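Visitor: Let me give you the structure first, and then I'll get to my questions.
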Amino acid sequence: MNFPWDQLLVKGNWMITMAQIGAPFLVIGLIAVITYFKLWKYLYKEWFTSVDHKKIGIMYLICAVLMFVRGGIDALLIRAQLTVPDNKFLESNHYNEIFSTHGVIMIIFMAMPFIFGLWNIVVPLQIGARDVAFPVLNNVSFWLFFAGMILFNLSFIIGGSPAAGWTNYAPLAGEFSPGPGVNYYLIAIQISGLGTLATGINFFVTILRCKTPTMKFMQMPMFTVTTFITTLIVILAFPPLTVALALMTTDRIFDTAFFTVAHGGMPMLWANFFWVWGHPEVYIVILPAFGIYSEIIPTFARKRLFGHQSMVWATAGIAFLSFLVWVHHFFTMGNGALINSFFSISTMLIGIPTGVKLFNWLLTLYKGRITFESPMLFSLAFIPNFLLGGVTGVMLAMASADYQYHNTYFLVAHFHYTLVTGVVFACLAGLIFWYPKMMGYKLNETLNKWCFWFFMIGFNVCFLPQFILGLDGMPRRLYTYMPSDGWFLLNLISTIGALLMAIGFLFLVVSIVYSHFKSPREATGDNWDGLGRTLEWTTASAIPPKYNFAITPDWNGYDTFVDMKEHGRHYLDNHNYKDIHMPNNTPVGFWIGIFMTIGGFFLIFETVIPALICLFGIFGTMIYRSFQIDHGYHIPAAEVAETEARLREARIKEREAVSHES
């Protein structure tokens with residue numbers, strides 16, 4: 001084994017040196033706290049090895065929030081560098097590393113786990129399922145994601161981060177990027193991508209096979225519908241990325257030449273592979289976000305969603321078109337007029353089903369009895385801001401005009417107006433909306449609204465000036481500029497906006513901490529003043545019982561739960577409980593994640609033998625699992641009856657309290 005020790009530490013940058021010093025203390029402090037409070041056994045038994053979809057969802061959300069912080073710090077460093085002209089705060093390569101990691105973290109390690117966390121918590125409950133179709137695979141999927149996340153974040157302090165942009169184009173990411181940085185990108189995303197693909201398959205089967213028998217596809221809640229269609233995109237889009245990452249890994253480690261022109265390779269092959277995955281990836285995070293808005297808007301408008309079936313078809317149309325637009329990411333790379341025209345038209349077409357969704361949300365609001373809780377505020381702010389992102393997207397879809405906009409800050413502003421308002425607003429709204437389902441209490445609404453106003457205003461202050469900067473010719477990925485360029489004032493305003501967004505996020509963190517100690521607990525499950533419209537609100541809070549539903553609920557129409565509440569009925573009115581079979585926890589995913597992390601680390605530094613040993617460890621873990629005789633366990637009917645009696649009693653008390661107040 002010839003490990004490249006000389007590449008291990010990044011030298012010559014004060015910021016990275018401070019991180020290298022601080023990171024070990026942070027890890028030691030975390031270990032000390034867990035040891036002091038004797039939490040190791042609890043965490044391992046109840047969380048790390050859990051196959052309960054709700055606990056796995058919470059672990060995804062914790063990781064997503066942490067990555068939001070990491071990606072947000074990267075964004076603030078970018079804005080700090082560009083605040084004034086000729087700034088020496090960051091040198092050029094460090095700046096390249098920061099904007100490269102910012103993009104990867106926000107898409108792969110923040111937005112996706114945020115969405116997957118909400119999938120895990122909400123979808124099985126919305127369809128009346130006891131668990132996902134493959135509980136053990138669900139645990140493995142999380143630890144594959146976690147392994148990729150850890151590896152990618154190690155790059156900042158060990159070996160150096162990737163600096164070829166989040167798109168990692170060849171040949172820049174090939175012979176022109178020596179060192180382990182790009183290897184971190186390839187291996188971390190590959191491992192995380194395997195977990196994502198497994199999650200897509202798992203939830204596709206879960207929705208198809210585990211939903212309550214009375215629930216028809218066109219009657220499913222929109223969040224579940226968007227999840228189902230998104231899983232199809234995941235299953236179709238991630239294999240090309242897997243192939244592309246594998247090919248570039250062999251180029252860099254085993255000296256193949258798939259993307260090296262001098263040896264007969266083709267750099268444009270990477271661009272096509274990447275964007276065949278990359279543009280559907282946008283809809284992998286956007287479509288579930290649309291589903292979140294489609295749950296929140298009817299709830300706080302006190303109306304059923306307008307045009308439910310048209311929303312389903314619009315979602316399917318967007319998913320189909322998402323695979324026909326990838327070339328619009330490189331109109332300027334010499335494809336020719338015919339190809340550019342085809343992809344220009346297909347890109348514009350995607351605005352039609354998206355417009356259907358926008359009009360349906362507006363018509364849902366029409367004549368609704370709207371209340372402005374913080375999830376609703378994020379949902380309402382999404383509509384006009386996302387519209388601006390969509391309109392500028394249509395502008396970019398015009399191939400001839402794209403020659404002016406391409407690789408300028410106009411493009412940066414466009415995709416932030418789509419991804420931040422479309423995805424981040426939805427993630428924050430969904431977190432607040434379903435937080436009482438997870439924890440049994442609502443986040444403080446005053447602090448939530450401060451979060452919303454700072455974040456929303458800061459977002460527009462930050463990114464609206466970037467449209468003007470782009471039209472004025474400021475290139476993206478530029479680490480500095482001269483005073484004579486005339487970009488100082490707008491960059492200063494943009495940085496102020498980024499600081500306002502950071503303050504808004506801090507209000508959310510304060511809300512989480514404050515609410516943990518101060519918010520009243522609500523055991524009834526229908527936590528938003530009885531406004532819930534779907535099956536997850538029929539179950540108890542916090543964290544519904546492991547079995548979710550004591551009996552299989554009926555779902556005879558989109559407003560089944562609303563009708564039940566209006567007539568004073570509940571699915572628990574049937575008291576004929578039986579023993580419930582549940583799967584046991586398993587350490588398989590946890591240990592596969594450890595082997596993946598260690599093996600991936602050695603492969604990043606091109607040390608193949610230890611990586612192969614870890615690969616054998618993964619196979620050994622899988623063989624161990626295959627020879628286990630594990631039939632799960634049963635929750636006795638008496639225990640189920642006791643649990644459900646407590647929920648029924650809490651609901652009766654709540655109903656009596658409401659009647660007394662009225």
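Just so it is clear, glycine is given a Cβ too, placed from its N, Cα and C backbone atoms.
Pulled the feature table from Swiss-Prot, pasting it below:
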type     : residues                       : note
BINDING  : His102, His416                 : Fe(II)-heme a binding site
BINDING  : His279, Tyr283, His328, His329 : Cu cation binding site
BINDING  : His414                         : heme a3 binding site
TRANSMEM : 14-34                          : transmembrane segment
TRANSMEM : 103-123                        : transmembrane segment
TRANSMEM : 140-160                        : transmembrane segment
TRANSMEM : 187-207                        : transmembrane segment
TRANSMEM : 273-293                        : transmembrane segment
TRANSMEM : 311-331                        : transmembrane segment
TRANSMEM : 376-396                        : transmembrane segment
TRANSMEM : 415-435                        : transmembrane segment
TRANSMEM : 451-471                        : transmembrane segment
TRANSMEM : 493-513                        : transmembrane segment
TRANSMEM : 587-604                        : transmembrane segment
TRANSMEM : 608-627                        : transmembrane segment
Visitor: What same-chain residues lie close to the transmembrane segment (587-604): Cβ under 8 Å, and 6 or more beyond its ends?
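Guide: For the transmembrane segment (587-604), the far contacts come to 3, 44, 48-49, 136, 139-144, 146-148, 150-151, 154, 159, 180, 183-184, 187-188, 191, 249, 253, 610-615, 617-618, 621-622, 624-625.
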Visitor: So which one is it: of the binding-site residues His279, His414, which has the fewest other Cβ atoms within 10 Å?
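Guide: Among the binding-site residues His279, His414, the sparsest Cβ neighbourhood within 10 Å belongs to His279.
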Visitor: Can at least 3 Cβ pairs under 8 A be found between the transmembrane segment (14-34) and the transmembrane segment (415-435), with each pair 6 or more apart in sequence?
Guide: no
Visitor: Report yes or no: does the transmembrane segment (187-207) come within contact of the transmembrane segment (103-123), defined as 3 or more CB pairs under 8 Å with a sequence separation of 6 or more?
Guide: yes
Visitor: Near the transmembrane segment (376-396), which residues from the same chain, at least 6 beyond its ends, have a CB less than 8 A from one of its CBs?
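Guide: For the transmembrane segment (376-396), the far contacts come to 293, 296-297, 299-300, 328, 347-348, 351, 354, 358, 361-362, 365, 370, 402, 405, 410-411, 413-418, 421-422, 425-426, 428-429, 432, 449, 452, 456, 459-460, 467.
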Visitor: Against the transmembrane segment (273-293), which of these stretches has the most C-beta pairs under 8 Å: 103-123, 140-160, 415-435, 451-471?
Guide: 415-435
Visitor: Could you state the whole-number distance in Å separating the C-alpha atoms of His102 (Fe(II)-heme a binding site) and His329 (Cu cation binding site)?
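Guide: Rounded to the nearest whole number, the Cα-Cα distance is 19 Å.
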Visitor: Any contact between the transmembrane segment (140-160) and the transmembrane segment (103-123), i.e. 3 or more CB pairs below 8 Å with pairs at least 6 residues apart?
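Guide: Judged by the Cβ rule, the two regions touch, with the required three close pairs present.
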Visitor: Would you mind reading off the Cα separation of Tyr283 (Cu cation binding site) from His416 (Fe(II)-heme a binding site), to the nearest angstrom?
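Guide: Here the two Cα atoms are 14 Å apart.
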Visitor: What three-state class does DSSP give His328 (Cu cation binding site)?
Guide: helix
Visitor: Validating a neighbour-count step here. Other CB atoms within 10 A of the CB of His102 (Fe(II)-heme a binding site): how many?
Guide: 20
Visitor: Where His279 (Cu cation binding site) and the residue listed as 'heme a3 binding site' are concerned, what is their Cα separation in Å, rounded?
Guide: 14
Visitor: Compile a sequence-ordered list of residues in the same chain as His416 (Fe(II)-heme a binding site), six or more apart from it, whose Cβ lies below 8 A from its Cβ; state 'none' when nothing qualifies.
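Guide: Listed in sequence order, they are Gly389, Phe459, Phe463, Gln466.
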Visitor: Quick check for the class: what is the C-alpha distance, in angstrom and rounded, between His414 (heme a3 binding site) and His328 (Cu cation binding site)?
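Guide: Just about 14 Å between their Cα atoms.
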Visitor: Note the Cβ centroid of His279, Tyr283, His328, His329, the recorded Cu cation site, then list each other residue of that chain whose Cβ lies within 8 Å of it, in sequence.
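Guide: Checked against the 8 Å cutoff, the neighbours are Trp275, Gly278, Pro280, Val282, Ser322, Val325, Trp326, Thr347.
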Visitor: Could you tell me which three-state DSSP class the residue listed as 'heme a3 binding site' falls into?
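Guide: Assignment for the residue listed as 'heme a3 binding site' reads helix.
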